[in-house]
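Colleague: I'd like to ask some things about the structure below.
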Amino acid sequence: MIATHDHILKLRAELDQHNYHYHVLDEPSISDAEYDCLFRNLKALEAAHPELVTRNSPTQRIGGTALLAFTKVKHEIPMLSLGNAFDATTMVEFDRLVVEALDLPIEDDCTTVEYSCEPKLDGLAVSLLYRNGELVRGATRGDSTIGEDVSINVRTVRNIPLKLHGSGWPINMEVRGEVFISKAGFKRLNVSQMEVGGKIFANARNAAGGSLRQLDSKITASRPLEFCCYSVTTDICATHTDNLQQLQNWGMPISHELKLANGIQNCLDYYRDIKERRNSLPYEIDGAVFKVNSIALQRKLGFRTREPRWAIAYKFPSMETLTELVDVAFQVGRTGIITPVARLKPVKLTGVLVSSATLHNMDEIARLGVMIGDTVIIHRAGDVIPQVVSVVIERRPENAYAVQMPESCPVCGSPVERTKLVKRRKGKEIVSNGVLYRCARRLTCSAQLKQSIIHFVSRRAINISGLGDKTIEQLVDKKLICSPADIYKLKPEQIITLQGVADIASRKLIVAIKNSKMPTLARFIYALGIANVGEEIAKVLAQSLLSLERVQKALPEVLTYLPDVGLEVAHEIRSFFDDSYNQGIISMLLSPDECGLQLQNQLDLSAPFTISATLGSLLDKLHIPSIGSGVAQKLANRFSSLEGVVNADWLEMRHILPAKQAKAVRNFFNNSDNTNYAIAIEQQLKDFGMHWQSKKKFVKNLPEVGHTWVLTGSLKLISRTLVKDMLESLGAKVVSSVSARTYCVVAGLGATSNLAKAAQLGLQVLDEEEFVSFLAKHNITV
Ligand code: IVH
């Protein structure tokens, strides 16, 4: 027991350190797969010893029971806001007032005040209280004196330390900062919201606010929230930047853009620089914040009514503007989803001429209440597609008219249907209307066909180079290809008839098609273009199930045992393989007499992908009415087998469960469809070696797990794609540029800058022949 406890403490400390490297220092110390492995080990130990679980364990960032309302909290020191500047003159004036108030000598333009410079993050302000180094409370700003206690939500934010590192922190300490969502996180969130028919957020700030103020902290836990600390109200060091540096040493995330400036002119330089780099930053900022760096001088300067005299926010010009909604067009995507796109009267916004904006879906149009002819406010953040934010109702013309989803597909004319959402709750399937509309004709609609062929041949999928978008469009329009399988039946004389394809290119293309016939299982699954199955999920499916046959017949409940596969995706996978048209295409692709593709099946399970389902989790996945995961586990402990639960003696069941729950279990299994389905899941777990009693197959500890490789220059003997696949099959991560984290470099001809950097860092470099012998050592022949 003591040994287990020590092991748990060791794993927690290790995970905390890796989290710190990843979130705070931005320098990952291990690969995602290794992290997941440690995390799963800790979870398993804690599940076996629930009495050893503590609030601050890294496994506890998952949220808890939903609240009815947030309690109010008082900020002992009010959370004030900042004065704003919109031009350099106001900034210079701010500095003059600082210098005057501090009574500093004004010697002809001499720069005397030291300022800290930080980006102004666009999220929401949060206060965090630490007692004895442990997070004890998180609160929103509210009206600056009274905020809301969002402690349970704050605990789910991955980069907020639940416990400070090191020592020497004040017994009571309050830090403040911004909770925000990165640009990438925001994009991902809206895509998944759209899929489940949830609210679409107009911008990352609204998404962060909405997510942090959720009464159900499990929802908060599922949102990509991040924290950046920008102040501490407790005395620590003599300057603001030293305070932040010290906080970072204790594990607190601070801005990577924090700088010092001597005098206001240097502040203006910082502003110009960060404004220029704004689009390439991973998060939204709406300006820069400048603070007098000395805490003593800050005290001397004090506050006006609502803002400090020692700080100012220099805001960027607005990214919003007014324009007219001229029309709404409808675009058909790869999976047939029809998306409304706003056609706008062209208008310049942050230096770019904008003439269209995304409207997401029909629910979003209803939410905005937008009509064609309306004047709308559009917002453009970074390189993100502009969005329609709101409507100026007062300017609505008399002839404005409603936006309507066409009844037939704008490309192929076939009927448009509304998507359905299927959820299992309390043992029943609940089907509701989704927010999306789809062209019913799927792959026979030329818009979808073109998109899915473009995806199928793309570099990360089947990888047929030389088959560009324009060529594909022509091939589909001329009806030379009607499915991915037709690619393999193309003849050079057909390709040569296409515009822009010369004789030599057509011959090269035929060779590229021929060379693409041995994809890995993961690439093939990804190439099929199943909705929501990206490269990562495709790899998980291949690495955990090992063959296409298994992926094809896997039940959704079994799929949800795999890392990162939720019920929604599991259903998409199931329905894709249930579709007879898809089945036909797959068998044509794999038939030696037709296309002759040969999948390189995954040979062995690799450590992170060995899955052992438990009886408790199986019972939980059945969604028996009123049976949660705790009760499911109780049933499992008592009856030890599915058969035991199905045939449980009533008295015995009553022994562990109240009458209502015992009855629910009984009623559920009295329905033979339910029993058969549960048995089918169990059988599949056995077939796939995932059952709790299955002997674990030989687990290969992949030799290159945790190693990052770089390929550079051009290779003669093997294609780069193949090299990447091979390295990945050995567990390595392959990236494009050399850094201190690189483990080994494979250098072909003409490699220059990467090679120079590798030499500078003293890294291991293999030429192509050496690499081939490295592969041979791992029994891979090329
Ligand atoms: S300092 C008393 N620093 O901007 C000064 N605020 O308009 C407290 N903000 O409520 C704020 N980035 O939510 C500070 N680097 C930064 C900031 C920042 C964003 C937000 C914060 C505050 C608002 C003030």
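Note that Cβ sites are derived from N, Cα and C of the backbone, with glycine treated the same way.
All TrEMBL annotations are machine predictions without curation.
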Colleague: For the NAD(+) site that TrEMBL gives with ASP32, ALA33, GLU34, TYR35, ASP36, SER81, LEU82, ARG141, GLU178, LYS291, LYS315, which of GLU100, GLU118, GLU257, GLU364 also belongs there?
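Modeller: Given ASP32, ALA33, GLU34, TYR35, ASP36, SER81, LEU82, ARG141, GLU178, LYS291, LYS315 bind NAD(+) in TrEMBL, the matching entry from GLU100, GLU118, GLU257, GLU364 is GLU118.
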Colleague: What is the interatomic distance between the Cα atoms of ARG141 (NAD(+) binding site) and CYS439 (Zn(2+) binding site), given in whole Å?
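Modeller: ARG141 (NAD(+) binding site) and CYS439 (Zn(2+) binding site) have their Cα atoms 46 Å apart.
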Colleague: Compute the C-alpha separation of LYS291 (NAD(+) binding site) from CYS409 (Zn(2+) binding site), stating it in Å without decimals.
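Modeller: If we compare the Cα positions of LYS291 (NAD(+) binding site) and CYS409 (Zn(2+) binding site), the gap is 56 Å.
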Colleague: I need the nearest neighbour of GLU34 (NAD(+) binding site) among the recorded positions LYS120, CYS409, CYS439, CYS445, using C-alpha distances.
Modeller: LYS120
Colleague: Could you list, ordered by sequence, which of these recorded positions: ASP32, LEU82, LYS120, have a Cβ under 6 Å from ligand 1?
Modeller: LEU82, LYS120
Colleague: Hey, which of the binding-site residues ASP32, GLU34, ASP36 is the loneliest by Cβ count within 10 Å?
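Modeller: Selected from the binding-site residues ASP32, GLU34, ASP36 on minimum Cβ neighbours within 10 Å: ASP32.
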Colleague: Report the same-chain neighbours of CYS445 (Zn(2+) binding site): residues 6+ apart in sequence with Cβ closer than 8 Å to its Cβ, ordered by sequence.
Modeller: VAL332, GLY336, CYS409, VAL411, CYS412, SER414, CYS439
Colleague: Cβ-Cβ under 8 Å from LEU82 (NAD(+) binding site), same chain, 6 or more residues apart: which ones?
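Modeller: Listed in sequence order: VAL289, GLU307, PRO308, ALA311, ILE312, ALA313.
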Colleague: Could you tell me which of these binding-site residues, CYS409, CYS412, CYS439, has the greatest number of Cβ atoms within 10 Å of its own Cβ?
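Modeller: Its Cβ has the most other Cβ atoms within 10 Å: CYS439.
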